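S.K.: So that we are looking at the same thing, I have put the structure below in structure tokens.
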Amino acid sequence: MSDFINNFWSVYVAGITLAGIVGCLVLLVITARKKVVSDEENTTGHVWDEDLRELNNPMPRWWVWMFVITIIFGLLYLTAYPGLGTYAGKLQWSQVGAYEAEVEKAKAELEPMYARFTAMSTEDVSKDSQAMAIGERLFMNNCAQCHGSDARGSKGFPNLADNDWLHGGAPENIKQTITQGRIGMMPPQAEAVGSPDDVRNLAHYVLSLSGSPHDSLKASLGKSKFTACAACHGMDGKGNTMLGAPNLTDDIWLHGWGEQAIVDMINNGKMNEMPAQDKKLTPAQIDVLTAYVWGLSHKPAAAN
């Protein structure tokens, strides 16, 4: 059913549609009533290419009846289904309703299989080949757009295969992240840190925490400024999974590496959002996806 902003357009579309059908019927009746004057040649008198003439024969009966059947079918269809503006049709059919019915049917068919996975632990589900095949498809459809098809992420999107977790890597943490989403925010800290030189000194201190190349003199000057960061990242810089504050000592840089990238982060802050999936996925699907994501960083080591 079309959603018109004004009832005029609904009437307009319905009127044109019905007028077209009635017009076809009128033309058919007029044509059927026309009598053909018989003569030897029985032509309309039109001649092309010197000898190509148009015959003036009546329409074949099978063609007339097919035309009539088509008109009747069109009227019955428009009575049963949407097609006349905002008129929903006697059957109340809609694309949304058909889609939702297909989804419910699929859920009912898959429910026994998902029930088996729900009764298993995350570790056991991650070892089940059928569950992981389903988890991979769920990941590709809902997660790969940001985290990549290999789950290794990109700038601003965490790597899910390296066992470095902003909000914790336990199955319950991953499930909560998928279900409820996450909002990560680092507020701008330039005012709290001090001058532009203080910000650069702090950036070098942050680099030093992970053993990255840095200016040791600037790092020593910036150490005292780290108190502005310690509330979230901790005095040791190892982060806080309760807040989603990254570990600054592990040489993993979600938003870019180097002095300038860190300076920009301190000056401008950063806000990221992982959207909640509870409206798109069922609890059983979330359980399977949780096991798949958990398994990405817990794959058995390859044998030598």
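Cβ atoms are placed via backbone N, Cα and C, with glycine included.
Straight from TrEMBL, here's the annotation block:
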- 12-32: transmembrane segment (TRANSMEM)
- 40-87: domain 'Cbb3-type cytochrome c oxidase subunit CcoP N-terminal' (DOMAIN)
- 62-84: transmembrane segment (TRANSMEM)
- CYS143, CYS146, HIS147, MET274: heme c 1 binding site (BINDING)
- MET186, CYS229, CYS232, HIS233: heme c 2 binding site (BINDING)
S.K.: Please give the maximum pairwise Cα distance, in Å and rounded to a whole number, for the heme c 2-binding set MET186, CYS229, CYS232, HIS233.
M.R.: 11
S.K.: With a radius of 8 angstroms around the mean position of the C-beta atoms of MET186, CYS229, CYS232, HIS233, what other residues of the same chain does the heme c 2 site pick up?
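M.R.: Other same-chain residues near the heme c 2 site: GLN189, ALA230, ALA231, GLY239, ALA245, PRO246, LEU248.
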S.K.: Since the record lists CYS143, MET186, CYS229, CYS232 as binding-site residues, which of them has the fewest other Cβ atoms within 10 Å of its Cβ?
M.R.: CYS232
S.K.: Write out how many residues of the domain 'Cbb3-type cytochrome c oxidase subunit CcoP N-terminal' (40-87) are helix, how many strand and how many coil, based on DSSP.
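M.R.: Per-class counts: 20 helix, 10 strand, 18 coil.
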S.K.: List, by number or range, the same-chain residues at least 6 past the transmembrane segment (12-32) whose CB is under 8 A from its CB atoms?
M.R.: 2, 4, 58-59, 64, 67-68, 71, 74-75, 78, 83-85, 87
S.K.: By CA distance, which of the binding-site residues (MET186, CYS229, CYS232) lies nearest to CYS146 (heme c 1 binding site)?
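M.R.: Out of the listed candidates, the nearest Cα belongs to MET186.
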S.K.: Could you check which of the binding-site residues CYS143, HIS147, MET274 is the closest Cα neighbour of MET186 (heme c 2 binding site)?
M.R.: MET274
S.K.: Let's check the environment of HIS147 (heme c 1 binding site): how many other CB atoms sit within 10 Å of its CB?
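M.R.: Taking all protein chains shown, HIS147 (heme c 1 binding site) has 21 Cβ neighbours within 10 Å.
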